[in-house]
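Contents: one structure, followed by commentary.
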Amino acid sequence: MRVAIFASGSGSNFEAIARSKELSEAGLEIELLVCDQKDAQVIKRAQKLKIPVFINQLTDFPDRGTYEQAIIEKLKPLKIEYILLAGYMRVVTEVLLSEYTNRIINIHPSLLPKYSGLDAIKRAYEANDEVTGVTIHYIDEGVDTGPIIKQSKVIRLKSDTESNLEDRIHQTEHQMYRQVVLDLLNKNNGVVE
Ligand code: GRF
(Lines of atoms letter the chains of each structure in order from A and count residues from 1; the text may use other names and numbers.)
(Lines give C-alpha, C1' and ligand atoms only; values in the text may rest on other atoms or scores of the structure.)
Protein backbone atom coordinates (compact mmCIF):
# COMPACT_ATOMS: atom_id res chain seq x y z
CA MET A 1 0.00 0.00 0.00
CA ARG A 2 1.48 3.28 -1.12
CA VAL A 3 1.04 6.20 1.27
CA ALA A 4 2.11 9.78 1.75
CA ILE A 5 2.46 11.16 5.25
CA PHE A 6 1.71 14.83 5.86
CA ALA A 7 3.31 16.56 8.84
CA SER A 8 4.17 20.08 9.96
CA GLY A 9 6.24 19.69 13.11
CA SER A 10 8.27 17.27 15.15
CA GLY A 11 7.30 14.10 13.32
CA SER A 12 7.41 11.50 16.08
CA ASN A 13 4.32 9.79 14.64
CA PHE A 14 5.85 9.87 11.19
CA GLU A 15 8.98 8.22 12.51
CA ALA A 16 7.07 5.61 14.52
CA ILE A 17 5.28 4.51 11.37
CA ALA A 18 8.34 4.74 9.14
CA ARG A 19 10.54 2.70 11.46
CA SER A 20 8.02 -0.10 11.95
CA LYS A 21 9.35 -3.32 10.47
CA GLU A 22 5.98 -4.94 10.96
CA LEU A 23 4.37 -2.34 8.71
CA SER A 24 6.97 -2.52 5.97
CA GLU A 25 6.79 -6.31 6.03
CA ALA A 26 3.02 -6.09 5.73
CA GLY A 27 3.43 -3.98 2.59
CA LEU A 28 3.51 -0.35 3.70
CA GLU A 29 5.41 1.87 1.30
CA ILE A 30 5.91 5.46 2.42
CA GLU A 31 6.48 7.21 -0.86
CA LEU A 32 6.63 10.76 0.38
CA LEU A 33 6.62 13.12 3.32
CA VAL A 34 4.63 16.26 2.55
CA CYS A 35 5.59 19.12 4.83
CA ASP A 36 4.28 22.69 4.83
CA GLN A 37 7.01 24.11 7.10
CA LYS A 38 10.48 24.33 5.62
CA ASP A 39 12.25 24.20 9.00
CA ALA A 40 10.21 21.41 10.59
CA GLN A 41 12.09 18.70 12.48
CA VAL A 42 10.16 16.02 10.62
CA ILE A 43 12.16 16.84 7.47
CA LYS A 44 15.39 15.75 9.17
CA ARG A 45 13.74 12.55 10.33
CA ALA A 46 12.65 11.78 6.77
CA GLN A 47 16.10 12.51 5.36
CA LYS A 48 17.67 10.11 7.88
CA LEU A 49 15.19 7.44 6.86
CA LYS A 50 15.78 8.19 3.18
CA ILE A 51 12.15 9.02 2.56
CA PRO A 52 11.61 11.68 -0.12
CA VAL A 53 10.33 15.04 1.12
CA PHE A 54 8.06 17.48 -0.64
CA ILE A 55 8.11 20.90 1.00
CA ASN A 56 5.07 22.86 -0.06
CA GLN A 57 4.34 26.16 1.66
CA LEU A 58 0.96 27.82 1.58
CA THR A 59 2.60 31.26 1.41
CA ASP A 60 3.94 30.39 -2.07
CA PHE A 61 0.39 30.08 -3.46
CA PRO A 62 -2.47 32.53 -3.99
CA ASP A 63 -4.94 30.30 -2.09
CA ARG A 64 -5.45 26.94 -0.43
CA GLY A 65 -6.94 25.40 -3.55
CA THR A 66 -3.84 25.94 -5.66
CA TYR A 67 -1.63 24.92 -2.73
CA GLU A 68 -3.45 21.58 -2.51
CA GLN A 69 -3.50 21.19 -6.27
CA ALA A 70 0.31 21.29 -6.23
CA ILE A 71 0.26 18.47 -3.68
CA ILE A 72 -2.09 16.42 -5.87
CA GLU A 73 0.22 16.86 -8.86
CA LYS A 74 3.05 15.48 -6.76
CA LEU A 75 1.04 12.54 -5.38
CA LYS A 76 -0.59 11.36 -8.59
CA PRO A 77 2.46 9.94 -10.37
CA LEU A 78 3.40 8.18 -7.13
CA LYS A 79 0.05 6.38 -7.17
CA ILE A 80 -0.63 7.24 -3.56
CA GLU A 81 -3.51 5.21 -2.13
CA TYR A 82 -3.79 6.67 1.37
CA ILE A 83 -2.75 9.91 3.04
CA LEU A 84 -1.80 9.78 6.70
CA LEU A 85 -1.90 13.10 8.53
CA ALA A 86 0.51 13.13 11.44
CA GLY A 87 0.61 16.55 13.03
CA TYR A 88 -0.33 18.32 9.80
CA MET A 89 -1.46 21.74 10.96
CA ARG A 90 -3.75 22.66 8.08
CA VAL A 91 -7.40 22.11 7.44
CA VAL A 92 -7.77 19.99 4.32
CA THR A 93 -10.15 21.43 1.73
CA GLU A 94 -12.53 19.94 -0.80
CA VAL A 95 -9.74 19.98 -3.43
CA LEU A 96 -7.70 17.26 -1.72
CA LEU A 97 -10.70 15.57 -0.12
CA SER A 98 -12.45 14.95 -3.41
CA GLU A 99 -9.31 13.40 -4.89
CA TYR A 100 -8.76 11.10 -1.90
CA THR A 101 -12.29 10.50 -0.63
CA ASN A 102 -12.30 8.27 2.48
CA ARG A 103 -8.57 7.83 2.11
CA ILE A 104 -7.22 10.55 4.38
CA ILE A 105 -6.63 9.62 8.02
CA ASN A 106 -5.78 11.90 10.93
CA ILE A 107 -4.58 11.45 14.50
CA HIS A 108 -5.64 13.76 17.30
CA PRO A 109 -4.52 13.79 20.94
CA SER A 110 -7.93 13.78 22.65
CA LEU A 111 -11.08 11.74 22.82
CA LEU A 112 -12.92 13.56 20.07
CA PRO A 113 -15.28 15.34 19.89
CA LYS A 114 -13.77 16.70 23.09
CA TYR A 115 -10.91 19.16 22.56
CA SER A 116 -10.87 19.37 18.81
CA GLY A 117 -8.50 21.98 17.42
CA LEU A 118 -5.28 23.25 18.94
CA ASP A 119 -3.68 22.48 22.32
CA ALA A 120 -5.84 19.46 23.07
CA ILE A 121 -3.43 17.98 25.62
CA LYS A 122 -2.96 21.25 27.45
CA ARG A 123 -6.70 21.86 27.61
CA ALA A 124 -7.38 18.38 29.01
CA TYR A 125 -4.59 18.84 31.56
CA GLU A 126 -5.76 22.27 32.66
CA ALA A 127 -9.32 21.01 32.99
CA ASN A 128 -8.01 18.28 35.35
CA ASP A 129 -9.67 15.58 33.27
CA GLU A 130 -8.98 12.18 34.78
CA VAL A 131 -9.27 10.51 31.42
CA THR A 132 -8.15 11.80 28.07
CA GLY A 133 -6.83 9.94 25.05
CA VAL A 134 -6.23 9.67 21.36
CA THR A 135 -8.49 9.48 18.31
CA ILE A 136 -7.70 8.26 14.81
CA HIS A 137 -10.31 9.16 12.23
CA TYR A 138 -11.04 9.71 8.58
CA ILE A 139 -11.22 13.38 7.83
CA ASP A 140 -13.88 15.55 6.32
CA GLU A 141 -13.94 19.31 5.82
CA GLY A 142 -14.28 20.12 9.52
CA VAL A 143 -11.55 20.53 12.10
CA ASP A 144 -10.91 17.12 13.69
CA THR A 145 -14.27 15.78 12.57
CA GLY A 146 -15.06 12.78 10.38
CA PRO A 147 -15.74 9.08 11.05
CA ILE A 148 -13.78 7.65 13.96
CA ILE A 149 -11.63 4.57 13.31
CA LYS A 150 -10.22 4.01 16.79
CA GLN A 151 -10.04 5.72 20.17
CA SER A 152 -7.89 4.86 23.18
CA LYS A 153 -8.05 6.29 26.66
CA VAL A 154 -5.06 7.65 28.52
CA ILE A 155 -5.52 7.95 32.27
CA ARG A 156 -4.07 10.97 33.99
CA LEU A 157 -2.02 10.02 37.04
CA LYS A 158 -2.14 12.18 40.17
CA SER A 159 1.57 12.80 39.83
CA ASP A 160 1.38 13.80 36.15
CA THR A 161 2.88 17.04 34.96
CA GLU A 162 1.61 18.27 31.62
CA SER A 163 4.78 17.00 30.04
CA ASN A 164 4.45 13.45 31.51
CA LEU A 165 0.89 13.29 30.28
CA GLU A 166 1.97 14.50 26.87
CA ASP A 167 4.68 11.81 26.69
CA ARG A 168 2.21 9.05 27.51
CA ILE A 169 -0.27 10.38 24.97
CA HIS A 170 2.45 10.38 22.32
CA GLN A 171 3.41 6.79 23.18
CA THR A 172 -0.23 5.79 22.84
CA GLU A 173 -0.41 7.65 19.52
CA HIS A 174 2.58 5.83 18.08
CA GLN A 175 1.21 2.42 19.03
CA MET A 176 -2.29 3.21 17.83
CA TYR A 177 -1.26 4.70 14.51
CA ARG A 178 0.88 1.65 13.74
CA GLN A 179 -2.03 -0.64 14.62
CA VAL A 180 -4.53 1.28 12.51
CA VAL A 181 -2.21 1.24 9.51
CA LEU A 182 -1.60 -2.47 10.02
CA ASP A 183 -5.36 -3.12 10.12
CA LEU A 184 -5.74 -1.10 6.94
CA LEU A 185 -2.98 -3.08 5.23
CA ASN A 186 -4.55 -6.38 6.25
CA LYS A 187 -7.97 -5.25 5.10
CA ASN A 188 -6.66 -4.02 1.78
CA ASN A 189 -4.56 -7.10 1.22
CA GLY A 190 -7.71 -9.12 1.84
CA VAL A 191 -9.62 -7.15 -0.77
CA VAL A 192 -6.90 -7.55 -3.37
CA GLU A 193 -6.79 -11.30 -2.88
C1 GRF B 1 0.26 14.67 17.69
O2 GRF B 1 -0.10 14.86 19.04
C3 GRF B 1 -0.95 14.47 16.83
O4 GRF B 1 -2.01 13.84 17.49
C5 GRF B 1 -1.35 15.90 16.50
O6 GRF B 1 -0.11 16.55 16.32
C7 GRF B 1 0.89 15.91 17.11
C8 GRF B 1 2.02 15.60 16.20
O9 GRF B 1 3.15 15.10 16.89
N10 GRF B 1 -2.22 15.95 15.36
P11 GRF B 1 4.40 14.58 16.09
O12 GRF B 1 4.81 15.69 15.12
O13 GRF B 1 4.01 13.33 15.36
O14 GRF B 1 5.46 14.33 17.12
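A Cβ is built for glycine as well, from the same backbone N, Cα and C atoms used for every other residue.
Look at TrEMBL and you will find 1-181 tagged as domain 'Formyl transferase N-terminal'. According to TrEMBL, the feature N(1)-(5-phospho-beta-D-ribosyl)glycinamide binding site maps to GLY11, SER12, ASN13. Look at TrEMBL and you will find ARG64, ASN106 tagged as (6R)-10-formyltetrahydrofolate binding site. If you look up TrEMBL, you'll see HIS108 marked as active site, proton donor. The site 'Raises pKa of active site His' annotation in TrEMBL covers ASP144.
For ligand 1, no neighbouring recorded positions occur among ARG64, ASN106, ASP144, by Cβ distance under 6 Å.
In this structure, the recorded positions GLY11, SER12, HIS108 were compared by how many other Cβ atoms lie within 10 Å of their Cβ, and the smallest count belongs to SER12. Within 10 Å of the C-beta atom of ARG64 ((6R)-10-formyltetrahydrofolate binding site) sit 16 other C-beta atoms, taking all shown protein chains into account.
Each residue in ALA7, GLY9, SER10, PHE14, GLU15, ALA16, VAL42, ARG45, ALA86, GLY87, HIS170, HIS174 lies on the same chain as GLY11, SER12, ASN13 and has a C-beta within 8 Å of the C-beta centroid of that N(1)-(5-phospho-beta-D-ribosyl)glycinamide site, without being one of the site residues. The distance from the Cα of ASN13 (N(1)-(5-phospho-beta-D-ribosyl)glycinamide binding site) to the Cα of the residue listed as 'active site, proton donor' comes to 11 Å. Comparing the Cα of ASN106 ((6R)-10-formyltetrahydrofolate binding site) with the Cα of every entry in GLY11, SER12, ASP144, these being the recorded positions, the smallest distance points to ASP144. Spatially, by CA atoms, the recorded positions ARG64, HIS108, ASP144 include one closest to SER12 (N(1)-(5-phospho-beta-D-ribosyl)glycinamide binding site), and that is HIS108. Taking only the Cα positions, the spacing between ARG64 ((6R)-10-formyltetrahydrofolate binding site) and HIS108 (active site, proton donor) is 22 angstrom. In the predicted model, the domain 'Formyl transferase N-terminal' (1-181) has a mean pLDDT of 97. Calculated from their C-alpha atoms, the gap between GLY11 (N(1)-(5-phospho-beta-D-ribosyl)glycinamide binding site) and the residue listed as 'active site, proton donor' amounts to 14 Å. ASN106 ((6R)-10-formyltetrahydrofolate binding site): 22 other CB atoms within 10 A of its CB, across all protein chains.
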